[in-house]
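I have placed the structure first, in the form of structure tokens, so that the comments after it can refer back to it.
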């Protein structure tokens, strides 16, 4: 029967022995199947195309975590989760995740995790073992050990996490670009458990004054924006771009007006001045520049 096979399916044919017949492998070599060069090449190609890669991709390195006060454990764990998503094949095995995470622990973090391991065969405590056997368990342990109170509450979830997220969202205001403001909003909004209408109302109040007014007028024209956060967010970004373009135009016009005013004043000053050596002496008796008197004029 022709067709492709999966890595789990054995190759069974006139020149192949099923792998379940392991006892036959101990018999004399005369019973071993003879494989031609073409068959070996074909088998190698099939194996190469179907085997699962067990080594991680060559991605940018993650900075080791030592457990110092100025280090952010949440940032470290988020970086690890991102790497696992980028390299699914390399980290398909949970052991790879655990070992890679442990390899990035140093200093106090490594000493703390190392001391939690199960007892070895000799009765002495060893590296992390059964009680920290998967990545999420290690992540929870590290979060409890090195995370801030807020990080621990958010990691645990529940009503406390929702209340914390609600307080954080209410305290967020636009102080720079609307992109940065909405990014901070996204950080907390999805954890509040609020309806989209409640989130939209809170987010609108945090916008800077001119943009908030434009958004309010737009929501009056389009009531549907009050209930759809994605549509609301998209419209906020569009209005912000329109406002920034108008500001740029006004700034350009002001620069143009100042330049024209400076040019006009310069031309006016140039018209009121006279060049050196101008003959003002002939413009009436006793006026103008006094003429120097020679010898004859002294007598």
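Cβ from N, Cα, C; glycine included.
TrEMBL has this to say about the protein:
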- 1-66: region 'Disordered' (REGION)
- 36-55: compositional bias 'Polar residues' (COMPBIAS)
- 247-262: compositional bias 'Basic and acidic residues' (COMPBIAS)
- 247-299: region 'Disordered' (REGION)
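Listed as Cβ neighbours of the compositional bias 'Basic and acidic residues' (247-262) (distance under 8 Å, sequence separation of 6 or more from its ends, same chain) is no residue at all: none. Broken down by DSSP into helix, strand and coil, the compositional bias 'Basic and acidic residues' (247-262) contains 16 helix, 0 strand, 0 coil.
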